[in-house]
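Read through the structure below, which is laid out as structure tokens, and then see the notes.
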Amino acid sequence: MTHHTKHSNTPRDIKKGTALLRVVPDPIYRHAAPSGPWPWMNLDVDSDLAASDTTVMDEPSLPWLDYPQNKFRNWTADPVQRSEMFEKCSKNKSSTIYWMDVRDSEDVTKRFTVPDMGENDHGTTKVPIEDPQNKFWKMLEQKASLMLKFRSEGIRVRTLFVDDLTSPVLRMLGTRYNIEPFFFTSSLNWIPSRYQEAPRHGEGDHVTITLPFLRSQQKSQSPTDPKPLDSKTNTPIDIQAPFSTGGGHMFFIDLLAIHMVRGKESTIISYHPESTGQLTSAKHLRSLIQLVGKSVYWQKIFDKSKDPTFLFLAFLWYALYEWDESLDSLYSYVGELELQVLHLDNIALTHDLHVLEARLLHYQSLLHGFEVSVKFIETNPNPAMEVAAKKERMESGALMKKECKNLLNEIDRLERRRKMLSSRLKNAMELAFAIVNTEDSRRMQRFTYLTIVFLPASFIASIFGMNVMEINNGTQTLTHYAVATVVLTLLTIYIIIMLQKQNSVHRREATLLQRAVWPILSLQHVWVLQYKKSLDDMA
């Protein structure tokens, strides 16, 4: 059996000679939140605090052009450049915004709606890279001629799902909603983060969650499939890279990046990274969030509370569903690896087990971040709800704690399942080493038996070679040597088999007397078999 057959179901990115396209960069956690006083600064270089490289735009009609300096003066050109905030934006595609409203309507069928934004595609706005008329900015500033009101009455929260974020759209959104640049830098650089900013009692605040999560889907042939590499290349374990299994599943890290402006007019902005069809698109997530409005359970939640944060919580349920589906697929895959370990005696299989174990350890960190994000929502209530009636505020707070608890229980279940998969992998690795050690012991045993066969001959030769008159008186012949060797060899074999409590000759429960007469029992067994065979031939 070849190595290829033995490893036909192993992760393709860890097999020798293949690799997958890596999308997720290594996160720089120190730049995850605005609580850090030096955003994207090189601390080894002295900076002149008096100097400012902020460019002030003279044209008042385009106030968004100098974002983020127009809103956050400490974000000078150097941190903006180091964060690659604009370099990582989409360059060759128009940005697409998918809109959705949650209304304060008693009719549940009209609560989750897609607004008419005046475009040909209902509920969708395409912003070209070059937009000399600034239509999107005018829309955000409530000056679009195609809309009488940007915010009609009764909208609890408006959601913008952004695909292919371009630098002009980034600047417009950041300026219009006064968004901390950390949301964009964390999202574009895949940095897990969660923070609250600008809280105002009785008015509202800004909350941000950037959450990487595990996602799986059926594998399809595409340009991003594994490419052959030099088989001599030794690549390190990349826990961030996607990988596939022989069962047709692809596993990769996806991103949930949400910024929410909570207040009387709440807004959610959902950023979606550029993808090749693997990552969650803005259009797909909008369709899923729309289905929340058709859930009877969630309809009751929106009836009981006007807190728009519950919609934010629904976004987190999407990540949980993807986690659960991915761990289901990993459960089946680990079972396949265990089966290979049981039937194959290849020590190289433990390498694949180690790589998958390294990924599971990384998933532990991601699940912990998921748990912390839910607790963050639970412990940072909406300041705008402070003006609500006391009874309504208490009921809403209790409902929020309940729903957060439901999510935390599910995350705990996912973590326990991840631990179970990790334990099974460790058990499979121990089993693989045990099988190899057992096979080595068998080889040593056969080598020992071979040594025993030649030991009597060497012993007799040593005796015959002794310069002692009583032994070597010159009358010994080769026949004497052969006879003595055969007799001593047979005696040695007889003693070894007799002393073994279990072997192919006698069973474990055989007594010492039965083991002592094993030659007779063996001959008897052979005779019985021959007798039965002769009877069968006669019949």
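Cβ coordinates are placed from backbone N, Cα and C, and glycine is handled just like the others.
Unlike curated records, TrEMBL annotations are generated automatically.
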Out of 152-186, 362-396, 397-431, let me know the one TrEMBL marks coiled coil. 397-431
Is the coiled coil (397-431) packed against any residues at least 6 beyond its ends, judged by a Cβ distance under 8 Å, and which are they? 301, 304-305, 307, 309-310, 313, 316-317, 320, 323-324, 327, 330-331, 334, 337-338, 341-342, 350, 353-354, 356-357, 360-361, 363-364, 367-368, 370-371, 374-375, 377-378, 381, 385
Same-chain residues near the transmembrane segment (478-499), Cβ under 8 Å, at least 6 residues beyond its ends: 452-453, 455-457, 459-461, 464, 505-506, 515-516, 518-519
Let me know the model's mean pLDDT on the coiled coil (397-431). 94
